[in-house]
Amino acid sequence: MARDRRDYYYHQAKEEGYRSRASFKLKQINEKHNVIKRGDSVVDLGAAPGGWLQVAKQLSGGKVLGVDLQRIDPIEGVETIQGDINAESTIKKIIKIVGEKGADVVLCDAAPNLSGNWSYDHARSIELATSALECAKKILKPKGNFAVKVFQGDMFNDYLDEVRNNFVRVKAYSPQASRSQSAEIYIIGKKFLTAPLRKGDKFVVDIEKLGSSGDGAVLIEGFVVFVKEVEVGEKVRIKISDVKPNFAFADVEERIESSETENREKSD
């Protein structure tokens, strides 16, 4: 059955003029998660031979750019860069094409050349996906979307957590067009975070006011953080528990006596 399904998508790709059966994976990802919307600017990393570029252009109708170490044969309405996504020179070329505001969507369907050693192949897949995430963080617009392929294994959950640390909503998804025996899975990140802090960060802050909900409200690098169970005038060590596009939540790890309290105690 798996072989039949694989052959079905292979023949469908040929019939519909796609360069790769992987084109159907992106179609199914988008049907499920709405990663690409009409008019979006899209950057596909590791884009050769171009199957995802064809679908991205159909879905978006806007600016679509493919980047790969290999040359990508021309696709009407699609721009390409031959370069390494880890190189700053490539990042600059991408930004020059998509604009300083960045891309709406970054995709990566790249996979390592398989060696037959699963642990090694899994590690290489995570390395590629990490490079894609680092590139995405440099070229995505605020609230932009991200989709990347990884192989499941020991390092998968750590990578998933890293994506969660940079996007509001994150899902793992296996499209029907993937082989049933394949360990590949796609991670979808929605609404890229551009906050100056991340979940798990720690700060010492003075609570100067309460928000409408009764939580403490502090500014960290101009970003609003709501702190539970505090009073105005308290000095506390907090840990960021959740980050949203425009604000974050934090829990108190330690209550610290203010210098004013210490001085009062000394005078007593």
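Even glycines carry a Cβ here, placed using N, Cα and C.
Mapped onto three states, the DSSP output places LYS149 (active site, proton acceptor) in strand. Residues annotated as active site, proton acceptor in Swiss-Prot: LYS149.
Following the DSSP three-state reduction, the secondary structure of ASP84 (S-adenosyl-L-methionine binding site) is coil. Over all protein chains present, the Cβ of ASP84 (S-adenosyl-L-methionine binding site) has 15 other Cβ atoms lying within 10 Å. What Swiss-Prot records for GLY50, TRP52, ASP68, ASP84, ASP109 is S-adenosyl-L-methionine binding site.
The feature domain 'TRAM' is assigned by Swiss-Prot to 196-254.
Of all Cα pairs drawn from GLY50, TRP52, ASP68, ASP84, ASP109, which the record names as binding S-adenosyl-L-methionine, the longest spans 18 Å.
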